[in-house]
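Taken from TrEMBL, the feature repeat 'WD' covers 53-94, 184-225, 229-262, 487-526.
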């Protein structure tokens, strides 16, 4: 029985001008974040230990552990909340339609019985608190006129709920059943995030007006502000309290994270500024943060997760990154340790090392979209959504000059003969194109619609898959193909073909998500 050994996670989905939410397990160092319709569970102690929940019908926005760590509540842009098991098969427990628009934030009550969710919707339905087992409402939340970006449950009795949003307001509710108590308009721009301290004595709101304001947790009255001296120079998108409630972590569009010491009088003083440059551009803006035990976690607009040590803030951050968009191609290099290159259609090529995970991004001079990718030891060949192929030399993480080759048709697949990598086979709709170096040496039309191809490492054999699910095996002589066999097993269009490293087998996959392993000598299914 094969077992999953490693998972290379995607990064959180981000949106410019908005904060996103990541959250942590109440006891361990696992964190939750969302990408498209999936919820990712990532272990900060071992970033290769990843679990994925993909049952949302719409784009997921937020996920949080229950106080006992046994359940996860996640929400999406349709206003639906799903409550499911945190372990094993992630069994669905409950599903509720909570709001009429997207949910931006949700939190459990400290006793694990109630959930409050906030976001967008029609009329007054911008915040809702309900019993997690029955969906019964536990209060009325008046007072907001625009999208509510964040909400928080007071972690100690007497229970309170606070909310904030695009109407510049911070609202305070008493309960249960919850009802409006007071409202504060101390911010002059969107209020992006609001959080109670672990002991419930204070809560803090942060805003696009670059301010952080502290309030009394029991009465809701304002008690202080984060100092503007050495403060953020851009919108503050997120805030998170330290476990002891004496410090907070904030992140901003100014590309910095700051640690603040919270004094007894409610004022905050900046004690450390954290930066971790990646791209050097707008992708370095920080949009989320989390103080998880001894880990300070920040997320950039480009999706890079930086993990700092709270006990040693001078230590450089561990960076976890990857793809934000769908991965379109993979290529395994024969390096030791084994290196994998992956590409996504937005033009990003990521380098992974087996046993370590993320190892950097390949920076290309020609940053076009990528549909197909193949790689040898010192060369990458890519195709986009035009008729061109690019042969790019690379060393380490640096890409050199690129040569373009026009194949006069949209490439469907690329395969390199690894023992003589100047030879490439390119699948196009009507057949295949053979390339040596940067020259097209032959264009061979076939009598079926081609969807995938592979060429053996020594360049002597080619396997071409079709829309009809058949595999056609050809011998390669010079620049011509001679058909040797046709194999039938797939019930859908062939989408990928790959030889095993020792060339004793090859595998093919189709659009029905079926994979077949074949013996190269007998051409029988194994």
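Glycine residues also receive a Cβ, built from the backbone N, Cα and C atoms like all the rest.
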- Item | Counts of helix, strand and coil residues, the repeat 'WD' (487-526), according to DSSP | 0 helix, 20 strand, 20 coil
- Message: Going by DSSP assignments with H, G and I as helix and E and B as strand, what are the residue counts for the repeat 'WD' (229-262)?
- Response: 0 helix, 18 strand, 16 coil
- Taking every residue in the repeat 'WD' (184-225), what is their average pLDDT? 96
